[in-house]
Amino acid sequence: MGRKQNENEAHGNSAKYDPSFRGPIKNRGCTDIICCVLFLIFILGYIIVGLVAWVYGDPRQVLYPRNSTGAYCGVGDNKDKPYVLYFDILSCAAAINIISIAENGLQCPTPQVCVSSCPLAPWAVEVFQFSKTVGEVYGERRNFCLPAVSPDMIVEESLQKGLCPRFLLPSTPALGRCFPLPNINFTLPEDLRINNTTVSNGISGLLDSINARDVSVKIFEDFAQSWYWILVALGVALALSLLFILLLRLVAAPLVLLLIVGVLAVLAYGIYHCWQQYQVFRDKGASITQLGFTTNFSAYQSVKETWLAALIVLAVLEGILLLMLIFLRQRIRIAIALLKEASRAVGQMMSTMFYPLVTFVLLVICIGYWAVTALYLATSGQPQYIYWASNTSTPGCENVPVNMTCDPMAPLNSSCPNLKCVFKGYSTTGLAQRSLFNLQIYGVLGLFWTVNWVLALGQCVLAGAFASFYWAFHKPRDIPTFPLSSAFIRTLRYHTGSLAFGALILSLVQIARVILEYIDHKLRGSQNPVARCIICCFKCCLWCLEKFIKFLNRNAYIMIAIYGKNFCVSAKNAFMLLMRNVLRVVVLDKVTDLLLFFGKLLVVGGVGVLSFFFFSGRIKGLGKDFENPNLNYYWLPIMTSIMGAYVIASGFFSVFGMCVDTLFLCFLEDLERNDGSQERPYYMPKALLKILGKKNEAPTGGKTRKK
């Protein structure tokens, strides 16, 4: 007895009875004010970064292609010309990179022009046509020349100056650019030395992009055909999730028992199977001494020692689980009772089930703001132009300052006939451009901090609502009228700083994990096993640290929602309270995880099976208006429905999990604060009182507990 008391004292003193305590404290003050001020200053800086990015950035260089002069195709004067045509795409196709072109502009040493449509048929200028005019030779194809070319210009002169293309290839638009189509037979003049094989080899790096475009079109068509059925599947997932949670008050005990028996049965079958395999290989005399060491791990399945080791491991797990059932059965009953009470709490406050929608909207705002800011920062800078000549060996072009900067508005006073001032890219010499890396790092920190703050806000708000349910002595009479909105306003008003403190700690650990993942990716080709081992150990340690901080933050937010203390005090009190009841914590955590995993499996699996049978045509539609959609890839709406069902189930069950954790901490506080007397009655439900062998004294003289 003395030893147990010393252990409890090592984990802090039990909560003392407070006659004024009636649930989440209403008269509270602001907590972690310094962190709140720092967070608000950081958000202000984040907004300034966004404004700087908006002023200097130009995302059009990613969204729209550009011609040789740097003008955008598809906007402004080129609104009706959304595609860019390369005069000689084979001169750059070998080193082309679609994403690089989208981000950096001109990458090919060939003129580019905005066009309304891509060429549909092969065509080329014959040698005998060089002396004719552009209007005579090109005709309607003159729109593929640069706008400045005159129809009376001689063709040979226009080709020397790079004003018109010598040939056209059948092309398809992809990412706003005209790319030649592969595997199409055509013939061009022999002096060009261009044929179907040359084009196919030259644009081999672009074929995947073209194919990807075709696939993307088919995917879009499938979504257009099946979007309403996907919404139906998501509605089924929502209904199943809500129904599962509400029915837990009725089926929690048999369901948990069924799951535990199922785990025991699976382990028992594993032991039986391992024993059978062990006997087979023992009779054959297959031993590891005969096999020796090998890197072919599948070979170890053919030796008796492998199956014996697996048998021992499964037998140990089976024994541990049986011992837990025997010695921790009362704690399992407590966990089941808390699950039932959580289901009851959710039923009394149905609005809490839809709070994840608020979290989702806030997360979309945070992630969207970061993405737009990062895009604008990445595209900041002033356009730069350089001199370029298609053939520097032409008479008069020997001393041309190629690659030197120029002004596109200034006249070209040069003897070189094909000299041009073309767009090169965007400068990196401005203030915003020199600080680009630092601003992007600031944005990444802002992303992690704001996202974690939004998640912390949701946890604290839900904890405040569910705590008001537990500490209502007469349910539902004593439950506040608007518990969720009251908790939301209370959290924002008093505890923004505390949430920011916890979110910052978690964000720093997550950023460290991202940096380690990047280093590990860079060292993946390294042959240094020591460095790889060290990185792996650091990753493992940071993963464990992140899990612990998430667990600590979650319980700290519950204590903040109830008592209104600062983050450090709340985290300490929550940790000490849990350490004084560590066995109950472990049992409740595992039982809840098992139950919620089964719930997710039920929802996602049910929606997945129904989607598969419907979209694959195995279930016919209900009448003419509800026919099965004709799809290119029937697995696409199936996977979309499954992922959507998982997101919905995770959102609903995260609320339920927060409810269980909140009620559990309140239950532990209730045990320490109260003793069941008239002055200090227990707030827990009768089922928990019965399991613990406790009861509240009946009020005498018709007295009832004051609110």
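Backbone N, Cα and C define each Cβ position, glycine as well.
Going by Swiss-Prot, these are the annotated features:
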CARBOHYD  ASN67  N-linked glycosylation site
CARBOHYD  ASN185  N-linked glycosylation site
CARBOHYD  ASN195  N-linked glycosylation site
CARBOHYD  ASN196  N-linked glycosylation site
CARBOHYD  ASN296  N-linked glycosylation site
CARBOHYD  ASN391  N-linked glycosylation site
CARBOHYD  ASN403  N-linked glycosylation site
CARBOHYD  ASN413  N-linked glycosylation site
TOPO_DOM  1-32  topological domain 'Cytoplasmic'
TOPO_DOM  54-227  topological domain 'Extracellular'
TOPO_DOM  272-307  topological domain 'Extracellular'
TOPO_DOM  329-356  topological domain 'Cytoplasmic'
TOPO_DOM  378-452  topological domain 'Extracellular'
TOPO_DOM  474-498  topological domain 'Cytoplasmic'
TOPO_DOM  520-557  topological domain 'Extracellular'
TOPO_DOM  579-594  topological domain 'Cytoplasmic'
TOPO_DOM  616-635  topological domain 'Extracellular'
TOPO_DOM  657-707  topological domain 'Cytoplasmic'
TRANSMEM  33-53  transmembrane segment
TRANSMEM  228-248  transmembrane segment
TRANSMEM  251-271  transmembrane segment
TRANSMEM  308-328  transmembrane segment
TRANSMEM  357-377  transmembrane segment
TRANSMEM  453-473  transmembrane segment
TRANSMEM  499-519  transmembrane segment
TRANSMEM  558-578  transmembrane segment
TRANSMEM  595-615  transmembrane segment
TRANSMEM  636-656  transmembrane segment
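Here the transmembrane segment (499-519) sits against the transmembrane segment (33-53); at least 3 CB pairs are under 8 Å, leaving out pairs fewer than 6 apart in sequence. In this chain, the transmembrane segment (357-377) lies in contact with the transmembrane segment (33-53); the count of Cβ pairs under 8 Å, excluding pairs fewer than 6 apart in sequence, is at least 3. For the transmembrane segment (228-248), the neighbouring stretch richest in Cβ pairs under 8 Å, chosen from 453-473, 558-578, 636-656, is 636-656. Ranked by Cβ pairs under 8 Å to the transmembrane segment (595-615), the stretches 251-271, 308-328, 453-473, 558-578, 636-656 are led by 636-656.
For the topological domain 'Cytoplasmic' (579-594), same-chain residues at least 6 beyond its ends with a Cβ under 8 Å from one of its own Cβ atoms are 8, 11-12, 14, 256, 259-260, 263, 324, 328, 331-332, 334-336, 338-339, 657, 660, 664, 668. Secondary structure by DSSP for the topological domain 'Cytoplasmic' (474-498): 15 helix, 0 strand, 10 coil.
For the transmembrane segment (636-656), the list of distant contacts is 219, 222-223, 226, 229-230, 233-234, 236-238, 240-242, 245, 342-343, 346, 352-353, 355-356, 359-360, 462, 596, 599-600, 603-604, 607-608, 611-612, 615-616, 629: same-chain residues at least six beyond its ends, Cβ to Cβ under 8 Å. Looking at 251-271, 357-377, 453-473, 558-578, the range that has the most CB pairs within less than 8 A of the transmembrane segment (308-328) turns out to be 251-271. Between the transmembrane segment (558-578) and the stretches 251-271, 357-377, 453-473, the greatest number of Cβ pairs separated by less than 8 Å involves 453-473.
Residues 49-50, 52-54, 56-59, 62, 432, 436, 439-440, 443-444, 446-447, 450-451, 454-455, 457-458, 651 of the same chain lie 6 or more positions beyond the ends of the transmembrane segment (357-377) yet place their CB under 8 Å from a CB of it. Secondary structure at ASN67 (N-linked glycosylation site), as computed by DSSP, is coil. Sequence-distant neighbours of the topological domain 'Cytoplasmic' (329-356) (same chain, 6+ residues past either end, Cβ-Cβ under 8 Å): 242, 245-249, 252-253, 256, 458, 461-462, 465-466, 469-470, 475-476, 479, 483-484, 583-584, 587-588, 591-592, 595, 651-652, 654-656, 659-660, 663-664, 667, 685, 687-688, 691-692.
Predicted-model confidence for the topological domain 'Extracellular' (616-635) is 63, expressed as mean pLDDT. Within the topological domain 'Cytoplasmic' (579-594), the DSSP-based counts of helix, strand and coil residues read 14 helix, 0 strand, 2 coil.
For the topological domain 'Extracellular' (520-557), residue counts in helix, strand and coil come to 32 helix, 0 strand, 6 coil, using DSSP.
A Cβ distance under 8 Å defines the sequence-distant neighbours of the topological domain 'Extracellular' (520-557), meaning residues of its chain 6+ beyond its ends; these are 456, 459-460, 463, 499, 502-503, 505-506, 509-510, 512-513, 567, 570-571, 574-575, 578, 658, 661, 665.
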